[in-house]
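Chemist: Below is a structure I'd like to ask you about.
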Amino acid sequence: MVHLSGSEKTAVTNLWGHVNVNELGGEALGRLLVVYPWTQRFFESFGDLSSADAVMGNAKVKAHGAKVLTSFGDALKNLDNLKGTFAKLSELHCDKLHVDPENFNRLGNVLVVVLARHFSKEFTPEAQAAWQKLVSGVSHALAHKYH
């Protein structure tokens, strides 16, 4: 559960209304794979990840990034039940994929960077604080199966 105040919900939802999940999702996942290259081992089937340009231009990275970012939209609709919303994804990432749960935090932080880059004027310190709360809540929900 993420407790966002009314103004925090407004900040998050207003910005979310301008997010292009295809563009920003691909960028966020791509940046994760470039900045934290050891995370690439989970995406070996995606083809060429040999350089930053290859990662950022990879169609499979972009498509999966859009899918990942779409799940943040689900989070916004289910702030009171993030653990339930992400239960199946948590189980998949824990039991089948064996993803280090710290990678969820990393992705959340990369997403905040991407949002700041694209929405610099709207991404006020207050908006950043609200988004940090949201990505932390999503990260915690995704890591739930690990506990």
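In case you wondered, yes, glycine gets a Cβ from its N, Cα and C as well.
So Swiss-Prot says this about it:
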type    : residues     : note
MOD_RES : Val2         : N-acetylvaline
DOMAIN  : 3-147        : domain 'Globin'
MOD_RES : Thr13        : phosphothreonine
MOD_RES : Ser45        : phosphoserine
MOD_RES : Lys60        : N6-acetyllysine
BINDING : His64, His93 : heme b binding site
MOD_RES : Lys83        : N6-acetyllysine
MOD_RES : Cys94        : S-nitrosocysteine
MOD_RES : Lys145       : N6-acetyllysine
Chemist: To see if you understand the setup: which same-chain residues, six or more apart in sequence, place their Cβ under 8 Å from that of the residue listed as 'phosphothreonine'?
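Modeler: Counting only residues 6 or more apart in sequence, the Cβ neighbours of the residue listed as 'phosphothreonine' under 8 Å are Leu76.
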Chemist: Based on Cα coordinates, which of the following modified residues are within 10 Å of Ser45 (phosphoserine): Val2, Lys60, Cys94?
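Modeler: Lys60, listed in sequence order.
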Chemist: Round to the nearest Å and give the CA-to-CA distance linking His64 (heme b binding site) with Cys94 (S-nitrosocysteine).
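Modeler: Counting only the Cα atoms, the answer is 18 Å.
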Chemist: When DSSP states are folded down to helix, strand and coil, where does Lys83 (N6-acetyllysine) land?
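Modeler: DSSP call for Lys83 (N6-acetyllysine): helix.
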Chemist: Work out how many Å separate Val2 (N-acetylvaline) and Lys83 (N6-acetyllysine) at their Cα atoms, rounded off.
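Modeler: Per the Cα atoms, Val2 (N-acetylvaline) and Lys83 (N6-acetyllysine) stand 10 Å apart.
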Chemist: Determine, from DSSP, whether Val2 (N-acetylvaline) sits in helix, strand or coil.
Modeler: coil
Chemist: Within 10 Å of each Cβ, count the other Cβ atoms, then let me know which of the modified residues Val2, Cys94 comes out lowest.
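Modeler: Cys94, out of the modified residues Val2, Cys94, has the fewest neighbouring Cβ atoms within 10 Å.
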